[in-house]
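Taken verbatim from TrEMBL:
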type: DOMAIN; residues: 6-273; note: domain 'HpaB/PvcC/4-BUDH N-terminal'
type: BINDING; residues: Q156, V157, D158, R159, T193, D453, P454, V455, R456; note: FAD binding site
type: DOMAIN; residues: 281-478; note: domain 'HpaB/PvcC/4-BUDH C-terminal'
Amino acid sequence: MPVTSGKEYINRIDKLNSDIWLEGKKVAGPISNQPAFKGVIHSQAKLYDHQMLKEKTDLMTYESPSTGMRVGTSFLEPKTKEDLAKRRLMIQEWAKLTGGMMGRSPEYMNTVLMAFNASAQLFSEQGGNCAENVKKYYEYCRENDLCLTHTFIQPQVDRSKFYAENKDDIIAAKMIDQTKDGIIIQGARLLATQGGITDEIMVFPSGAQLSIDESYAYAFAIPNNTKGLKFFCRESFDYGKAGYDHPLGSKFEEMDTIVVFDNVLVPWERVFLHGDLAIGNSLYAESGFFPHVTHMVVSKQVVKTEFLLGIIQLLVDTINVSEYQHIQEKVAEVIIALETMKSLLAASELNAKIDRWGTMTPDLNPLLSAINYYPRTYPRFSEIIQLIGASGLVSIPTEKDFNSPIHDELRKYLQSSTGDGYDRVKLFRLAWDVSMSAFGSRQTLYERFFFGDPVRLAGTLYHNYDKSNAVERVKRFLKDD
Ligand SMILES: Cc1cc2nc3c(=O)[nH]c(=O)nc-3n(C[C@H](O)[C@H](O)[C@H](O)COP(=O)(O)OP(=O)(O)OC[C@H]3O[C@@H](n4cnc5c(N)ncnc54)[C@H](O)[C@@H]3O)c2cc1C
């Protein structure tokens with residue numbers, strides 16, 4: 001099958017009737033009609049439609065090796081540097097449609113799956129058909145252009161080093177049985193962004209800490225409507241307001257869900273890992289997961305930073321504060337961040353090499369640097385917006401106010417150096433939604449944590465980075481002296 005259309009994606013997830021809970025009620029009826037999900041589902045549908053545009057075919061798709069039909073570029077296993085560049089441009093094309101505000105749009109998991117498929121041999125070491133299962137699943141998702149969510153971490157009960165869960169009271173999801181039909185999973189996982197609005201969910205061991213208990217060493221993928229699988233939503237940050245009032249929240253609120261497995265049977269053909277601690281603990285380091293997923297993530301973060309730079313410069317122009325040096329310095333900070341991210345991305349492609357799996361793999365060091373740098377830098381963008389926008393960020397009446405008897409006064413008293421009150425508030429509402437609203441605060445939290453705890457990410461860079469040349473040079477210097 002070729003790439004999917006937005007309508008097909010919506011029809012598919014509407015039919016699933018998955019077990020989703022929001023504000024104390026089970027979601028009933030087509031999910032694409034639900035106020036909490038409508039906006040993001042339609043934004044995601046637009047992404048799918050975009051890859052069907054004739055003029056975008058070459059960028060957004062490639063020829064399926066199994067059918068010859070056009071399938072999505074985010075599934076492409078890169079074999080050349082040109083393939084890597086094509087992947088980047090495709091990811092950025094989608095990100096431009098959302099301002100980079102949809103962290104978990106489909107290319108995220110398509111890339112994860114591509115990376116695991118490319119190194120599927122890793123899964124064969126446990127025997128059985130696990131490697132074949134990974135390959136078949138990748139092909140199935142690619143050929144049907146499926147949309148996936150995922151959950152890789154355990155509930156935040158007690159993160160102290162020696163915590164071990166009480167065996168009789170399961171909280172973190174674990175394998176409780178293996179039958180002739182598959183493995184049985186019981187317990188909860190955090191956190192699946194877009195849980196409930198995708199076709200399927202992929203579950204992998206937590207990369208955060210080594211597992212010493214085989215019952216947590218599992219990986220699989222199942223449809224979202226599998227019996228016993230439940231998604232518990234947080235409060236929605238799409239408050240059903242017009243696009244004028246909540247320009248981002250009304251379109252890109254992805255929702256985060258707690259995932260509960262209530263005696264869920266995962267059929268053997270969907271099991272990728274069951275009980276092999278060595279594979280579970282080395283999976284992320286040994287596969288192409290880190291380089292390929294960070295390459296995708298950083299490609300998107302570049303577009304997101306451009307979007308923020310655009311907002312910030314428009315604020316500066318609108319209230320005409322560009323002559324002040326501290327304003328220039330603040331905008332320059334964002335430019336430096338943007339150029340740093342672009343350079344790290346370019347360096348990763350320039351120094352890309354074929355890895356042991358035969359995949360053209362971007363250089364991990366610049367990407368790990370970027371993925372460490374951005375969580376610390378992104379919160380500053382919100383701060384800069386607040387420091388420049390000042391009271392303008394709370395002088396933001398709604399569209400209803402502009403349609404009320406006070407509209408003339410609002411247009412007059414809220415005018416800026418570039419336009420009337422209506423246009424000025426439209427921009428300031430965007431700036432507020434990206435930096436101060438519930439949607440905007442979540443974006444900041446997302447950038448801080450979505451790829452893992454920044455403290456431990458720094459540890460990954462520390463251990464991964466070859467420091468021997470630098471150390472040798474200093475040793476030689478000391479000796480010569
Ligand atoms: C908005 C958002 C969306 C997300 N979406 C997804 C998703 O779709 N799928 C998914 O799988 N995950 C998702 N995540 C989860 C993300 O992967 C985790 O937030 C991240 O791995 C950190 O884990 P944690 O939240 O459990 O924090 P914790 O590990 O509980 O950390 C809490 C604090 O304790 C410190 N700490 C804990 N343990 C240690 C340690 N061993 N050493 C040093 N310090 C420690 C941390 O530094 C931190 O300050 C999302 C997170 C957010 C915020």
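Glycine residues also receive a Cβ, built from the backbone N, Cα and C atoms like all the rest.
TrEMBL feature annotations superimposed on the structure.
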| residue | record | DSSP (3 states) |
| --- | --- | --- |
| Q156 | FAD binding site | coil |
| T193 | FAD binding site | strand |
| P454 | FAD binding site | helix |
Quick one: of the binding-site residues D158, T193, P454, flag those whose CB is under 6 Å from ligand 1, and say none if nothing qualifies.
T193
Would you mind checking how many other C-beta atoms are within 10 angstroms of the C-beta on R456 (FAD binding site)?
11
Cβ packing number for Q156 (FAD binding site), 10 Å threshold:
8
Among Q156, V157, D158, R159, T193, D453, P454, V455, R456, the record's FAD-binding residues, the widest C-alpha separation in angstrom comes to 22
If one looks at the chain holding T193 (FAD binding site), which residues at least 6 apart in sequence have a CB under 8 angstroms from its CB?
G103, R104, T149, E254, M255, D256, T257, Y446, F450
